[in-house]
Amino acid sequence: MKIDGLTITAYQSGKVLFQGKGIESFIQKNQLEPLMETSEGKSKDAPSLPKDFSSWSVMGSDEVGNGAYFGPLTVASAYVSKENIPLLKKMGVKDSKDLTDEQIRAFVPKIKEVIPYKLLTLWPEKYNEVQQVKNLNEMKALLHNQALRLLSEKIMPESPEGFLIDQFCKPELYYRYLKGQPLVDKNKTYFITKGESHHIAVAAASMIARCAFLDGLDSLSTEFGYKLPSGAGSNVDQIAAKILKHNGMNILRKVAKLHFANTEKAKRMK
């Protein structure tokens, strides 16, 4: 396929190859999620973690809600000192995706009593406003950075040995999104996918962010009188169609991320 002078090849594995000039501008224009390779050369990967990183005092961050049509986007940072690692492991802290909603809600208050954290919530109405000028990864970069900076200030004069961000884009793009913003120490910052399996700080952040997302979903459900489901499946389309039919777009924008394909599906169903 050729678009705007670019050759785009999709493989059955799910990988997409972009060839030609102007790749970066095409990505930005179409708000693509930039975890991809191009024929102009592979993006520089994030440096690998030190061998003993899991035993360091680390501040980790993670987000929840970016794949859900309804509800907020939540980002949490959590600081786990090396002294607290055994305690959190004993408590059963792990990736929020491996726990039920009930377990998350039971765990998180206990975690908050043990470690310092920072939680940021971007509600749908504000999300939709910001999404007009910033793509999803740019929003996430700004929120991760802010959560890490605010928590760093909170724990001063203590300082983590490292920062670990659950990777959602290449590091160079992350820092490009944050151009002009104050940052935590870049020399101590690491990026890796499935960060929760590499340090318990990211797992703790994941759980805190997940709990906040669930609470946010419940809050919106109560406020607007609909049981808002998580995810972006066909059940979501049906609820969105009901909201459009009975309340209109002005209400939908307060509970949903409108740029998702679910919005157009709901319009056809109402």
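For all residues, glycine too, the Cβ spot is worked out from N, Cα and C.
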Check: Which of ASP95, ASP98, ASP101, ASP166 does TrEMBL put in the same divalent metal cation site as ASP62, GLU63?
Finding: ASP166
Checklist line | Number of other Cβ atoms within 10 Å of the Cβ of GLU63 (divalent metal cation binding site) across all protein chains | finding: 26
Checklist line | Mean of the pLDDT scores, which run from 0 to 100, over the domain 'RNase H type-2' (56-270) | finding: 96
Margin query: Please give me the CB contact count at 10 A for ASP62 (divalent metal cation binding site), counting all chains in the structure.
Written below: 29
Item checked: Local backbone state of ASP62 (divalent metal cation binding site), from DSSP in three classes -> strand
